[in-house]
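The structure under discussion is supplied below as structure tokens; questions concerning it will follow.
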Amino acid sequence: MKRNSLSSFYVSLWLLFIAVILQAVDSAKGKYAHMLFNELFEGYSNALRPVEDTDKVLNVTLQITLSQIKDMDERNQILSAYLWIRQSWYDAYLKWDKDKYDGLDSIRIPSNLVWRPDIVLYNKADDDFSEPVNTNVVLRYDGKITWDAPAITKSSCVVDVSYFPFDSQQCNLTFGSWTYNGNQVDIINSLHSGDLSDFVEDVEWEIRGMPAVKNVITYGCCSEPYPDVTFTLILKRKSSFYIFNLLLPCILISFLAPLGFYLPADSGEKVSLGVTVLLALTVFQLMVAEIMPPSENVPLIGKYYIATMTMITASTALTIIIMNLHHCGSEAKPVPQWARVVILDYMSKIFFVYDVGENCTSPKREKEERKLEGNDGCQRRHKEVRSHLSSRNDDYDLKEKLNGNLSKSYGVHGGNVRETVNCCSCYKMLIKNIEYIANCVRDHKANRAKGIEWKKVAKVMDRFFMWIFFIMVFFMSVLIIGKAA
């Protein structure tokens, strides 16, 4: 127990001794830092370029780290991004011997105390022209200055929405000196691309790369070259949101348009269905127009909406024409021979269109049996009528014979002849009325058959255009979804 207490006492004494030494070292470094700062900035000016020879070029190394994409405003063509901008250069007047200052190799001081290059974003699209953030710079003993400053930039970006929502965009971030030319300040990109290691994933855009290219441009106003570094941000839109909220509802609505041809003409809802679908697509078209910039490039989804609306307009117009054919009555002309052959004979069989009152569930044999039964019934009735007429003729002959015998026997024949003449005139009037009724029924059946033929023509055309428009909607939907691959 005594040994353990002594060992713990020595350990605590040793730790206390180390802490005192470290505190003394820190205080010594703080003392040397103050001394160094006073000696370095005595007579120093941050207004002039820190080179010993004015003809010498000062190299500034630039590195951009993309942290987050805040917003991509397609309508105003502005990209808002959160960047970390690192600039490093050598200051010829801020050097010291670290051995004289107890090995002090770097200090951190406010950035407004040293000279800073006036590197700005050329394609800036922000109304705020405030100064850069005055963060500290790291000053090394060899004169190297490293300045890390965060920045929220708004840059102009040419947005091409031709393939929206399956589009890719390329936005440039061009950095260069505003007043110094290439003979005074030269910009060097430290990496071949922007740093994306700390990038926060965006919900709408996917980063495909950020290559950096140095450009040297000679403007018309000046003969000196002006270098700049352009970072090209390659963005790929994540289209899932737009597929489920703009594209898929349009596809489902567009498949309702061909079903208008399947509705019965007597329902009175064929035209109203087409108009309702057209209004629904107009609402989606306005939603897309609010997002997109007012440019000449129509987006892919806008083309799909326009094509679908055109198709629905055509289907509504065809529905009106077909309804006129359906409601052709007895006053209409008969169905032309070519229409009877092409539409009623061939197309009706191709599209499985049956006569009015028929359907696809009634077997063919039952129809034939009904037809045969109808023929047998007609023949049976015809035989009964003939037998009845023959019996009536026999009775009439018998009456004539009896009347003739009576007239011969008794000599009374004038009254019977008169009755016979009256009976014949009644039969003639009855036959004439029956013929008139038969002609009326025949004309009624002919007019009704004419209307039934026009209804069948309208039904066949409905089925034909229904399949045509279904195929068109299907291929248009496959074409636009294939762009997502």
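From the backbone N, Cα and C atoms, a Cβ is placed for every residue, glycine too.
Where the annotation comes from TrEMBL, it is an automatic prediction and has not been curated.
Straight from TrEMBL, here's the annotation block:
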SIGNAL    1-27  signal peptide
DOMAIN    35-238  domain 'Neurotransmitter-gated ion-channel ligand-binding'
TRANSMEM  241-264  transmembrane segment
DOMAIN    246-480  domain 'Neurotransmitter-gated ion-channel transmembrane'
TRANSMEM  271-292  transmembrane segment
TRANSMEM  304-325  transmembrane segment
TRANSMEM  464-482  transmembrane segment
Where else in the chain does the transmembrane segment (304-325) make close Cβ contacts, counting only residues six or more beyond its ends and a cut-off under 8 Å?
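Cβ under 8 Å, 6 or more out: 247, 250, 254, 257-258, 260-261, 265, 270-271, 274-275, 277-278, 281-282, 284-285, 288, 298, 454, 457-458, 461-462, 465, 469, 472-473, 476, 480.
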Sort out the residues at least 6 away from either end of the transmembrane segment (271-292), same chain, that have Cβ-Cβ distances under 8 Å to it, and list them.
74-75, 161, 164, 246, 249-250, 253-254, 256-257, 259-260, 263, 299, 301-302, 305-306, 308-309, 312-313, 315-316, 319-320, 323
What is the pLDDT of the domain 'Neurotransmitter-gated ion-channel ligand-binding' (35-238) when averaged and given as a whole number?
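Summing pLDDT over the domain 'Neurotransmitter-gated ion-channel ligand-binding' (35-238) and dividing by its length gives 90.
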